[in-house]
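Asks: What TrEMBL records for 41-290 is domain 'G-protein coupled receptors family 1 profile'. Residues or ranges marked as transmembrane segment in TrEMBL: 23-48, 60-78, 98-120, 140-162, 200-225, 237-261, 273-292.
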């Protein structure tokens, strides 16, 4: 009991990927660069969509939410990991660990749901363009966003509270990038087998239906695209879909490894690599993949930056 009480007082020690690497300086520089890229690219996308009224349509409102989620998710995890390595202080308080877990679960689950809604949006736009304004009205779009945030918050709150109520008396060292359910349960000194099954079912329930909806949407899109008479329209649709599926593969690949694979298949190094993919790589690359080849976004970016430069030149 005394060991468990000391965890409440002293918190945990995060032993992430930077502490288990042959080239930590290079990896730290890479993660820092990716974080700065995520801040810049997501920040610019949020600014452009907010300021250009021509982008106030469901597709870009969903993309705005994706950028916000990515920006918050990587900011919950990455700065602390970098500072921990630079300051050689890997400690995190019990409350800080609980908060980090709740925020990461909320943002991760919300993005999982949002990606499926974005796939549906693309399906309607390409396969049913004449009914797009009806099937993807502003009201439907707002309902999708509200559903993503509310379901994610409720799920994250329940799982975070239940995880943190366990007595942790095996060790204070979490061999992971941040406070996440699977590595924390390894420190519990109580039977967690039933709860691990619940976490597995959560992963299956949240990840696979959303992934199935995404794959179904893009399969129907591909079928429609292949029957398009216009080569230009076919090429544009295929480029859009392939970029979206790249994001889906990176995001769901890491999440499935973390939450669906049985615990016997897990290792600290594998879990760290998986978590880096969906908390650092994906947030940095999402804006580039979704908007780099999008003429509407690049055109809006030029207009917004042009306005700001013209305003500055008048002073």
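Easy rule for this one: first residue shown is 1, then count along the chain.
Every residue, even glycine, has its Cβ placed from backbone N, Cα and C.
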Asks: Counting only pairs at least 6 apart in sequence, do the transmembrane segment (237-261) and the transmembrane segment (60-78) share 3+ Cβ pairs under 8 Å?
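Replies: They do not touch: fewer than three Cβ pairs between the two stretches lie under 8 Å.
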Asks: Which one of these stretches, 98-120, 140-162, 200-225, has the most C-beta pairs shorter than 8 Å to the transmembrane segment (273-292)?
Replies: 98-120
Asks: Mind pulling out the one from 23-48, 98-120, 200-225 with the most Cβ pairs under 8 angstroms to the transmembrane segment (140-162)?
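Replies: Stretch with maximum Cβ contacts: 98-120.
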Asks: Checking distant contacts: for the transmembrane segment (98-120), what same-chain residues at least six beyond its ends satisfy Cβ-Cβ under 8 A?
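Replies: For the transmembrane segment (98-120), the list is 59, 62-63, 65-66, 69-70, 72-73, 76-77, 80, 92, 144-145, 147-149, 151-153, 155-157, 159-160, 163-164, 178-181, 184, 206-207, 209-211, 213-214, 217-218, 244, 247-248, 251-252, 255, 278-279.
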Asks: By Cβ distance under 8 Å, which residues at least 6 away from the ends of the transmembrane segment (23-48) in the same chain are close to it?
Replies: 17, 55, 63-64, 67-68, 70-71, 74-75, 78-79, 81-82, 85-86, 276, 280-281, 283-284, 286-288, 291, 297, 300-301, 304
